[in-house]
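> First the structure, then my questions, so here it is.
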């Protein structure tokens with residue numbers, strides 16, 4: 001009855017596997033190879049240079065600036081997003097219309113978000129300085145993206161602005177699955193709302209929170225599109241908004257140092273992987289089973 | 001209670017204000033924009049919108065995006081469903097190996113592949129072409145699609161497929177007429193997820209699509225904003241920005257519940 005099984009399998013799998021092999025798998029493997037060469041895209045054969053590219057990375061002020069800035073994003077953005085999203089998710093119990101609004105930025109391309117916020121931060125005609133003047137805070141007006149001390153924070157604010165809504169929806173969906181009688185029982189036992197939230201809600205929705213940490217941690221190592229579109233240079237005043245992805249992009253497609261850029265890619269890969277594993281371990285908790 | 005609502009409203013204002021402000025600015029003249037960011041336009045400048053659509057090529061960029069996203073979405077869904085189905089419902093040597101090789105693609109940051117990918121696409125003569133972007137988009141959307149649908153096809157009952165086989169249906173017939181329709185909820189979720197992901201691509205077209213005539217919307221808008229030439233036409237740029245946001249907003253208004261459910265279920269997988 002099931003004759004032709006292998007013909008069907010071969011016919012179905014050949015196209016997707018070829019596509020995946022050519023455009024995904026082979027570039028990933030080639031990147032590890034290129035990272036050990038000084039290939040510039042013009043010479044016919046890449047010359048093997050061992051770990052040269054990787055030791056150069058440690059003396060490259062631009063890459064180190066990127067590493068530092070991505071590191072700061074990693075410390076600030078996930079924590080801020082998760083705290084804000086938890087608070088907003090807890091607050092919107094029963095009032096769903098807020099969530100509909102909060103979620104919207106998630107749907108916008110990061111490129112569109114970058115253009116929008118570049119307008120908001122514009123010194124003379126931007127929304128932010130206009131709002132400050134309207135509130136009588138003229139002395140707070142800044143050229144936001146041109147100040148080395150402020151530019152990276154402005155970029156991080158946009159990251160937070162655009163991701164909070166998604167996690168509000170994610171967390172509130174998880175909160176809705178927490179049975180109400182557990183909360184009531186705790187309240188009857190004399191627990192205040194804050195205690196209930198900390199001791200009952202958070203442990204019961206921890207799986208979603210953990211997912212949030214990992215996704216946001218990985219996203220904090222990117223930032224390419226925002227920085228490339230929003231900040232001057234790009235990379236900001238005094239490289240204050242330089243990120244690793246931007247360094248890779250420029251090294252490859254502006255300077256044509258493809259071997260060196262691949263080494264940056266390998267470094268980014270291992271950093272991303274370590275951060276994901278680290279966050280997975282740090283956020284690990286006993287799973288609370290609901291009967 | 002009052003503090004809570006003030007906080008909730010504050011965030012709602014923070015989210016909507018920049019968007020509404022961009023909408024208002026898209027109807028102002030350049031002089032009005034420079035004069036004061038707050039005041040509404042004296043008379044709405046619809047001309048900004050037509051300038052953005054034609055002179056700034058936003059219309060062309062939207063058209064390109066529809067072709068590239070439409071093509072790659074159809075390809076991803078067809079190939080992703082077929083692959084997930086074969087791997088989930090058929091025993092054959094190498095099945096597990098193929099599955100893990102495929103979903104390993106989700107582990108790697110795209111930055112790692114960027115340089116070799118550029119040369120792969122270049123060597124195939126596909127830089128800056130619709131079909132090049134469509135194939136690359138589909139290839140990168142494949143791992144998640146397979147991962148998501150694999151679980152879905154696994155959980156479907158086998159009895160219906162058995163009955164169809166006994167009735168003499170072919171393998172392809174069982175897939176297209178029996179199993180695929182049963183997997184519809186999963187297809188909708190992952191379809192929404194892929195649509196938004198592909199529509200919003202920036203890094204891949206930025207590297208693989210250097211031809212301005214073929215720019216997709218996110219790329220085209222960013223290029224307009226960055227290029228100094230467009231700086232003189234702020235009002236047109238605001239209009240372009242709003243035009244780029246509108247399709248997604250409209251989709252959200254009509255399908256907001258499915259979109260939120262589709263995106264969050266994707267995250268938790």
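Heads up, the Cβ atoms here are built off N, Cα and C, so glycines get one too.
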> If you check TrEMBL, which stretch out of A:213-233, A:234-254 is marked transmembrane segment?
A:213-233
> Under an 8 Å Cβ to Cβ limit, what residues of the same chain, 6 or more beyond the ends of the transmembrane segment (A:71-89), are close to it?
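For the transmembrane segment (A:71-89), the list is 98, 102, 152, 155-156, 159-160, 163-164, 167-172, 175, 202, 209, 212-213, 216-217, 219-221, 223, 243, 275.
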> Which residues of the chain, 6 or more past the ends of the transmembrane segment (A:101-120), have a CB below 8 A from one of its CBs?
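Same-chain contacts beyond the ends: 88, 92, 126-128, 145, 154, 158, 161-166, 168-169, 225-226, 228-230.
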> Which residues of the chain, 6 or more past the ends of the transmembrane segment (A:213-233), have a CB below 8 A from one of its CBs?
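Residues 69-70, 73-74, 77-78, 81-82, 110-111, 113-115, 117-118, 121, 145-146, 151, 154-155, 158-159, 163, 167, 239, 241-246, 249, 268, 271-272, 275-276, 279-280, 283.
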